[in-house]
Amino acid sequence: MIKWLARPADYGSVWDAMKAFTAARGPGTADEIWLCEHAPVYTLGQAGRPEHLLNPGLIPVVHCDRGGQVTYHGPGQVLAYTLFDLRRAGLYVREYVDMLEQATLATLRELGLEQACRKPGAPGIYVPQPGGELAKIAALGVKVRNGYAYHGLALNIDMDLSPFLGINPCGYEGLRTVDLAACGVRTSVERAGELLAAQLARAHGHAVQQRAAALAGVPG
């Protein structure tokens, strides 16, 4: 199921809802994708180090249980929270992250951003800049508990990027961030979110089908 949350969504409330959903689910619980746009907030993951918060100013900082370092969420960015049963899909965490990245790349290609790419050793999606620099356009951070995943990814659409200057994004000093608008792609948060959710649902559904076929002894 794909659903939009009320906007702007309070980060703490959504995080609590994800934890409650994950704690209550069982083997038969349907997977869900939650789409939202957050009010301005910095989030610091489990590996987050306070020295990467350079100048948060008046923007709230939330320490959360996802993987990764520090990032920023705000208006003009779409969040896709993927509440997936990884055991049902037969996915290890690294395979799951790979699936999220591939779905994001497919979404960006749909939107006309063909040059988006991955960066070895640095989760997320990047866009080459003049001079060869890679600027980050999508960030990933996941949590897996008892085989159930939550949190997900953030894709920059058309936003005020200046709050990223108050941090070392994802723990990388000097890492540049961009959005679709800066790359010459004009679209809405709603359209980008729907395309992203469709790609995520398709990729995860395919993994679930392959796992079911393997368990049944049917060639994939």
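Glycine is treated like the rest: Cβ placed from N, Cα and C.
A quick note: this is a predicted structure, and the numbers were derived from the prediction, not measured.
Swiss-Prot lists 27-208 with the feature domain 'BPL/LPL catalytic', giving sequence analysis as the kind of evidence. Mean model confidence for the domain 'BPL/LPL catalytic' (27-208) is a pLDDT of 94.
What Swiss-Prot records for ARG66, GLY67, GLY68, GLN69, VAL70, THR71, TYR72, HIS73, ALA139, LEU140, GLY141, GLY152, LEU153, ALA154 is substrate binding site. Secondary structure from DSSP puts TYR72 (substrate binding site) in a beta strand.
LYS136 (site 'Lowers pKa of active site Cys') carries a strand DSSP state (E or B). If you draw a 10 Å sphere around the CB of LYS136 (site 'Lowers pKa of active site Cys'), it holds 22 other CB atoms from the protein chains shown. The site 'Lowers pKa of active site Cys' annotation in Swiss-Prot covers LYS136 and is backed by sequence analysis.
Residues or ranges marked as active site, acyl-thioester intermediate by Swiss-Prot on the basis of sequence analysis: CYS170. The secondary structure of CYS170 (active site, acyl-thioester intermediate), as reduced to three states from DSSP, is helical. In sequence order, GLY68, GLN69, VAL70, THR71, ALA122, PRO123, GLY124, LYS136, ALA139 make up the list of same-chain residues 6 or more apart from CYS170 (active site, acyl-thioester intermediate) whose Cβ falls under 8 Å from its Cβ.
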Intrachain C-beta neighbours of ARG66 (substrate binding site), sequence separation six or more, cut-off 8 angstroms: THR43, GLY45, GLN46, GLY141, VAL142, LYS143, HIS151
Chain-internal residues, separated by at least six, CB under 8 A from LEU153 (substrate binding site): LEU79, ALA80, THR82, LEU100, THR104, ALA138, ALA139, LEU140, GLY141
In the chain carrying TYR72 (substrate binding site), residues 6 or more apart in sequence that have Cβ under 8 angstroms from it: PRO40, VAL41, TYR42, THR43, ILE59, PRO163, PHE164, GLY166, ILE167, PRO169
Listed binding-site residues (GLY68, GLY141), ranked by Cβ neighbours within 10 Å, top entry: GLY141
Pairwise C-alpha maximum, in angstrom, for the residues (ARG66, GLY67, GLY68, GLN69, VAL70, THR71, TYR72, HIS73, ALA139, LEU140, GLY141, GLY152, LEU153, ALA154) that bind substrate according to the record: 16
